[in-house]
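For reference, the structure discussed in these notes is given below.
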Amino acid sequence: MMLLRPRFLSPSPISSSSSSSSPSPRRSPPPSSSTPRPRARHRRRRRAPSSPPPTQPELRRLTSRIVDLTRRRQLPQIMDEVGAARRRAVDRGAGGGLNTIVMNAVLEACVRCGDVGLALTLFDEMRGPGGCGVDGVSYGILLKGLGIARRIDDAFEILESIEKDTSIGSPRLSPHLICGFLNALIEAGDMRRANALVARFRQVLYEGHSILLYNLLMKGYIKSNFPLGALTVKDEILRQGLKPDRLTYNTIISACVKSAEIDMAIQFLEDMKEEAKRDNNPELLPDAVTYTTLLKMKSAPISIDRTAYTAMVDALLACGSINGALCIFGEIIKQAGNNKDLRPKPHLYLSIMRAFATIGDLDMVKRLNKRMWPDSVGSISRSAKEEADELLMEAALNNNQIDMARGLLRRIVNEKECFSWTSRVGMVAVKVETLSGFTNSLLRPHVFPQIVLNDPVEKYMIPFQETQPLHADLILEEVVMRFFKDPVVPIVDDWGSCVGIVHRQDCTKIDAPLLSMSRGPPLCVPTSTSVEHVIDLLLREKSKMVVVVKRGNMYEGSYASSSRPLGVFSLAILWKFTADATDIDGMDAAHQLQQDVEASNCG
């Protein structure tokens, strides 16, 4: 039964002639002349506002959702969401509301999930009255589904109707339309019907001279009992003046491996490299599939050891081919069952874990971290164990598992003495700290409530003379007790100019002058430099003091003889402000800050 949607027609206005000739019997008597006569109005009945039909972004989101569910093989969920979308469209007064693109995605889901009967039902609805219509993509999906379901006669009937131009939608008979059906026959190993299909529609399939048809035929021979028949297809490719692509060579090599023609497979591999070099075509170079196919050679005259396998994995990871690296890794694990010398080392596990940690595949990093202990050969060093934990933290962070990343960071901080902020783990730790917030920090940041970072350093410096500088020509033996008191001391020349800064840890020669133990010219900053920049300078240069001058280089550099030292700024000043700002255990906080600074300098 067909349901027809009622039309809503607006009432036509009443003409003046009809109103004069046929007055309404319920008309009220005319008012008196003193009362103004109101103008008669015919009120039109307003239709309730309806929602607009689904917009293109809504349909695109629905299509993307269907594609995602198709990968998960969740056909019932797809049908529920499509039904809900149709009901919303009907409520809006937009009919079915779904276009051909969306319904083609649903057809593909039915074929992928093996429900060809449902695909046929939906196809009939699409091309029926009130349907969204069908196109060449719809027919291609249906033909592929019929081939998978082994309903060959139905598929040929559809192809004949398309050829005679009697099918609904007027699809064009094209190689792309036929190749889906051909591929289904080849996957089933039915080369007899595949060859019959090629012979029946040869003129259409050879249109455009696409290499796709020949690659499909070669794959069919490999699935049959005559894999070397793929070589005859290659000869046909050359006769047609076409150039084999990477898939062509990979298929031929697979045919040779299946036929145990090892020498022939190696020769095609060399031909593949030579042609890629001659034509300057990197798309023709061997890939992970090529080498994985060659690894299937059980009676190969060459021997691939653990070093060669590891080099393959590293090369594939460097090229960004994670799937190819996994194929090689799986082959290593498989071969290691019979040959203990092929058991991978921890380095290989860490290399693959780095790749998966970068893309946030937490589950794979966990598995590799767990299997590294029983499956790898040799001892696992402490550095390898630490890196495995760091990669697990990085994978958790990239997978938005912030709490897990914080827990791993806590364990790393407790076990590690120090690490560089520029290292991989240091960068990950900074990200974790940023996302955790200041109140949940694990690295004990210190607050300086009495210091404004944008203030000039002149506001917080100590006058230069209060530091009691030493003369540069003094021997360390004469002033050695000074360095038991102060960790860093400035030195001056005969004119009172600061020529260097001596650190306690640099005092290694008791009979040497102080100038020889300084780290070169002192770090100098002008009085207008901000405190924030000075602190960054101290940490970057791993120094504990800078000299503040009236003029000179804007940020840092060697001391100029024309600039007089006005004061110094050191890390001890920061410790003092921390101690003053702490109500309880202020000295402990200052001591903790000093340890943190020394740890950062160590990193």
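Note: Cβ is positioned from N, Cα and C throughout, glycine not excepted.
Since this is a predicted model, take the numbers as computed values, not measurements.
Per TrEMBL, region 'Disordered' is recorded for 1-58.
Annotation source TrEMBL lists compositional bias 'Low complexity' at 1-25.
According to TrEMBL, the feature compositional bias 'Basic residues' maps to 38-48.
If you look up TrEMBL, you'll see 99-133 (among others) marked as repeat 'PPR'. Sequence-distant neighbours of the repeat 'PPR' (99-133) (same chain, 6+ residues past either end, Cβ-Cβ under 8 Å): 2, 59, 62-63, 66-67, 69-70, 73, 75, 78-79, 82, 85, 141-142, 144-146, 148-149, 151, 168-169.
For the repeat 'PPR' (210-244), same-chain residues at least 6 beyond its ends with a Cβ under 8 Å from one of its own Cβ atoms are 175, 179, 182-183, 185-187, 189, 191, 194, 198, 251-252, 254-256, 258-259, 261, 275, 279. Look at TrEMBL and you will find 210-244 (among others) tagged as repeat 'PPR'.
Positions annotated as repeat 'PPR' by TrEMBL: 245-275 (among others). Break the repeat 'PPR' (245-275) down by DSSP state and the numbers are 27 helix, 0 strand, 4 coil.
Annotated domain 'CBS' per TrEMBL: 517-584, in sequence order.
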In the repeat 'PPR' (245-275), averaged pLDDT is 87
